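First comes the structure, then the notes that go with it.
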Amino acid sequence: MGFAVESRSHVKDILGLINAFNEVKKITVDGTTPITVAHVAALARRHDVKVALEAEQCRARVETCSSWVQRKAEDGADIYGVTTGFGACSSRRTNRLSELQESLIRCLLAGVFTKGCAPSVDELPATATRSAMLLRLNSFTYGCSGIRWEVMEALEKLLNSNVSPKVPLRGSVSASGDLIPLAYIAGLLIGKPSVIARIGDDVEVPAPEALSRVGLRPFKLQAKEGLALVNGTSFATAVASTVMYDANVLLLLVETLCGMFCEVIFGREEFAHPLIHKVKPHPGQIESAELLEWLLRSSPFQELSREYYSIDKLKKPKQDRYALRSSPQWLAPLVQTIRDATTTVETEVNSANDNPIIDHANDRALHGANFQGSAVGFYMDYVRIAVAGLGKLLFAQFTELMIEYYSNGLPGNLSLGPDLSVDYGLKGLDIAMAAYSSELQYLANPVTTHVHSAEQHNQDINSLALISARKTEEALDILKLMIASHLTAMCQAVDLRQLEEALVKVVENVVSTLADECGLPNDTKARLLYVAKAVPVYTYLESPCDPTLPLLLGLKQSCFDTILALHKKDGIETDTLVDRLAEFEKRLSDRLENEMTAVRVLYEKKGHKTADNNDALVRIQGSKFLPFYRFVREELDTGVMSARREQTPQEDVQKVFDAIADGRITVPLLHCLQGFLGQPNGCANGV
């Protein structure tokens, strides 16, 4: 019984987003071609992506709408924001049409840059502003905002020239739209000297100079144009779009790394069996389980896991802890939340979200509230909770890796040793992960429940969508830290597992050879070999022949049991057997520590490069997670962590974090999942 192919939707969708991000060169803006969160993220993060405003598709309706507004305004029609005041002042009337629009922009340029205060970030990043300019432009293509085509062309030119205004970080309640942030885009278009524009990454000049440099002149706003520019959800939706691109990629990354965790922890793959999820058919649960089942299918580490649980199996837990065993059930609502949020944000991206909506075909202006960003605001809260859920799962799994009683044979703190009194492995990361998780859980608290009435009680409910999107972006940055730490730890665990296998072979070879040399009976030899395989190697690696550590204790106990059970065996007297066992112990002390130390030192020096010298890496070579291991160890040039190594954990985790933040991590992700949906290899930037 297997999974239905149709259930692979979210994996397919996310891989599609990654490919779209990589491949897009031009974003068509025409009011009919959908713009996705991947397109928005690509424009925000890649300077080679251009915007193409398609006149053939939308110019006629834009100009018809603009002409209708101008005609009605000149005729003295009573239309909100055209011949009336704004918000709570809509009872006021005026025929000073252009002055009214410029007055609106002037009063909304009320943000403050808090340079010198903590936190130091006091402005929205250029990525958010460029994305907002794109979404405002797209909103106008529906032909119901009343703005001139020339203003839209100017926005297109500014985007393609990489010119955008500096915008204060705070000040928007996202209803009536993102008024204050959007006023800075309007301020750039009208050439307000107080508005500072960025040109590229380094140049900052006043708005009039920025316009001049790209061959534009300041606009004198006509009726409704100022209101159309500021009265929308574009900033909240812009940030939400890049947030959703990242959330999708990180979701798939966490899901995939759950499989890698199963391998290194010696988890049982049974938790992903299709029948378990068929009888509880939540879509996200089925999809996550299907992915994990495929990732673990034919895993070479599962062979080691089955061997591990076959020894003293009645003394070992029958099932894995929740962080692995219930991961599909835990991920189920997170998958669904992120999927639904993506759909919602993309709906907002492809919408006209201002007021009033001009229905020129029926000769009317419809006064509504498409500027209300509650759909974005609420879903940003939901996504932040989902992100906290992903972080909690990582924290639980990471904790299992750090504790020797839970990690099925791995050393505490994932310390390579051998002297654990001076090697604390990844203990610092363990502490940091607790800090990250705590902050992430705090950020999961909702923003949208903290609404205050604004603007003279006219905006008595508002969405806080931009604030919520910003906080979700912040949460994602913490999740990236947690993923970087967890992936670093799992690569360390892979190294330790492979060293463990090599060391066990050394112990078995030495025990077998010495048993033969000392003339021990076959059943005695078998008992000793059983102990050599059963005792976790990291419990005695620091001093293999210490009589107080588990290996020698186990071997002695086995010998004692043999002597008690057998007074004679194959003609050997008990006294003779005791003498031979004593000789075995003496020779063991002479040989075992030296041979184990030689293997450990070689691995510590060369790590994954020992594959050139032996078959220590045979397990990871056959794993679907090899692309991640190679990427971290080879592409990022990290190494096995030990007390003798000069580098600190921070240096390695920083490299992994940077690769997540700039999107390089999607390279091994795509390679890892290549066979799941037949996706081609690729690369990506900007997670």
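Just so it is clear, glycine is given a Cβ too, placed from its N, Cα and C backbone atoms.
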Swiss-Prot annotates one residue of S120, S176, S305, S415 as 2,3-didehydroalanine (Ser); which residue is it?
-> S176
Roughly how many angstrom lie between the C-alpha atoms of E455 ((E)-cinnamate binding site) and S176 (2,3-didehydroalanine (Ser))?
-> 10
Relative to the Cβ of Y80 (active site, proton donor/acceptor), which residues of the same chain, six or more apart in sequence, are found under 8 Å away?
-> S90, N355, P356, A365, H367
Separation of alpha carbons, S176 (2,3-didehydroalanine (Ser)) and K427 ((E)-cinnamate binding site) (Å) = 49
May I ask you to report the DSSP-based helix, strand or coil state of K427 ((E)-cinnamate binding site)?
-> helix
Which Cβ among the binding-site residues (N231, Q319, N355) has the fewest C-beta neighbours inside 10 Å?
-> Q319
About how far apart, in whole Å, are the alpha carbons (Cα) of S176 (2,3-didehydroalanine (Ser)) and R325 ((E)-cinnamate binding site)?
-> 46
With H, G and I counted as helix, E and B as strand and the rest as coil, say where DSSP puts N355 ((E)-cinnamate binding site).
-> coil
Give the residue from the recorded positions S176, R325, K427 that has the most other Cβ atoms within 10 Å of its Cβ, counting over every protein chain displayed.
-> S176
